[in-house]
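Annotated in TrEMBL:
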- 1-31: signal peptide (SIGNAL)
- 527-590: domain 'SLH' (DOMAIN)
- 591-653: domain 'SLH' (DOMAIN)
Amino acid sequence: MNNRKCTALLTAAVLLGSTVVPLAIPAPASAAVQQLTAPLNVQLNPDRSVLWLPVVNNNGYLVYVYDAATNAIIGAFNAPTNSSSLKLDGLITLNGTYFVKVTTRGDNLNTLDSPQSTASNRLTVSSSISLSPPSTPSLDAKGFAKWDNVLNNGYLVNLYHSPSNTLVTSQLLPKDVNQLDLTGIVPGTGVYYYKVIAKGNSQMTDSGESPASTAMSLSFSRLATPHTPALSDERIATWANVPNNNGYRISIYNADNDTIVGFAQASKDTVSYDLSALIKVDGNYYIRLQALGTGLNSSEDSPRSDTQTYYLDGSILFIKPDKLTLTSDLTADIPTTTVTMKTDDLLFDLTRKSTAYNLLAKVEVNQGRMLLNVPGSVLEKVSSRSNDSTLRVESGLGSVTLSVAEMKELAKNSGVFLADSTVQVELGQTAKVKPSDQEMIPLLLDVRLLDKQSKTLSTLTETHGYLSLTTPFSKDSFVDLTTLAGVRLTDKFTTTPIPTSFKANSDQSYGVTFHYQGTGTFGIVKKELHFPDVSTTHYAKRSIETLASKMVISGFEDGTFHPNETVTRAQFATMLVKTLGLKDKSQLGAAPTFTDVAKDSWYMNYVETAYRSNLISGMGDGRFAPEDKITAQDMSMMVARALKYANPTLPALTEGAKGTAMSKLERRAEVASYATDAVALCVNQNILIGMTINSFSPTVASDRAMAADMLYQLLKALNFSN
């Protein structure tokens, strides 16, 4: 019989519902090792049997069952030698669409397995299994329920009151969880029993209720509270396990204001959890834990863990309090606390955090005087990682960031190695009470290099960049901050104004920041000035009065300011030096840099300081023209240089930003090419703003009001003033 006739008979038999055993296909001519042919006419029947035409010399068959939705094999089953069918009704049980392929098995000696046959027809199975309920629910006197596990997709536990047989509550459990502490869901003391339903899914229907358990007198009981919660340096939460928990809820708090910043849920019986995905911001944190029950019996929140401080920036090593030793001397005129760092511990921590090159030390010293001794070997290690490494000190007395490179240079100039020395940072109040002419007790910042015998080798007095020293400050509520000036006190009891900014804190307290290129003693004085010729509506009134109070500019003997009076180049250079709080850089006895600046002129020291600070460059022919009136564009040139001097990391403007800035000037075409970049920068940084930008005349002499306003806006752009 040929294949076509065999196929026709097989198809007819399937349609008539009868089983046909196909005739064998003649084998091809024998060979030494023969690969068998795949069966033909593979048919998957509605009764989940599979038929195929047998192949001569077969050693059985391998039937592959595929999920038609994914074309993935879900099973492979062997059929015996010379068979031509296989029942799959116990194998294809879930709803879905299937097809099969069959491989003829060889003996691996004379014959090899065939390739898979072509796919059979597709068979869709759609049926639903009715689940059976558990048959033996039990309940002990402690309220622990348990039942035999049956086929399920979870369980629904129905709690009943006895003898009223009233349904009290229900609890849904996950698949194969066949026990429950009922004391967590009972509403109060009473007699209860329960019944269980096996839950189904799209292919299984829910069972009916099980028989009732024994009725027992039960009372509500909460889980024990987790204890010993802790946070590690790596942001890992740990705690002691609580019996009968169903997991844990972890609440993460900001320790500064006790607000919750996040939650996490840990699985049953775990005793640790990685919170690094939730703690992503520098700050102080603690945790509380709740053991989760199966219903209302979850525990109370645990006590709070100890506070953990995180600085997640890889460049920062936070020196934890346990790495510091504090020794107090209360017998001194000013109570003194000496702080010593544990060198070996810090070097080990730096080895662990190999990316860190900035040190941060927080010290709990709030009054008196603090001496912080920093091992030179620790500073040397961070310095070797970056030329920009820093030491930041934070305390209740004050906070400041110091350049390690400055300390390394100090050691070099002293003829010693930094690693063999100690850097001592002193922060301290200079008196027990506030002087009558000051608004705060003056604060001393000193940085010294000590040898191994604690002898002072040298002192850091000047720094290349600005230090910003912040300290707490109390003021009367009626005092206007614009009337307060920050000053540096000298040994001769004189004061020099320096840039100072104030910040209001959330607790109504204030902080004050002194900005200066070096160390020293700093304080605040009050000086309120108003000028009758500066009207209340004058655009520069705030700028003029603020700078006058800060002793940067002054009025005339008659109490007026003359806002419309023009300014000379020497006058503006002087104002600029005072605005930035620059130390006198003129060299005693040296000839002036500029030929037209007399050695005995009142402005010589200011002009020399401005020149040596790269704020001015002169006229190009050796002159400065100090008595010439300064034009608006030349004033912008000096201010732009001052901005870059105080903030050397300020990026240059792009061509697009320059164009945008210059487009705001009505007379931009009159700006000289040498001044274009400077004028654009002043506009971009809001130093030229409002009236000064609207009336900007590049080649016209500027007046005192414009000078005051630009200098005030310069301080704001640098965050050197409020």
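From the backbone N, Cα and C atoms, a Cβ is placed for every residue, glycine too.
In TrEMBL, annotation is done automatically, which means it is predicted and not curated.
Confidence for the domain 'SLH' (527-590), expressed as mean pLDDT, is 94. Within the domain 'SLH' (527-590), the DSSP-based counts of helix, strand and coil residues read 21 helix, 2 strand, 41 coil.
The DSSP breakdown of the domain 'SLH' (591-653) into helical (H, G, I), extended (E, B) and coil residues amounts to 24 helix, 2 strand, 37 coil.
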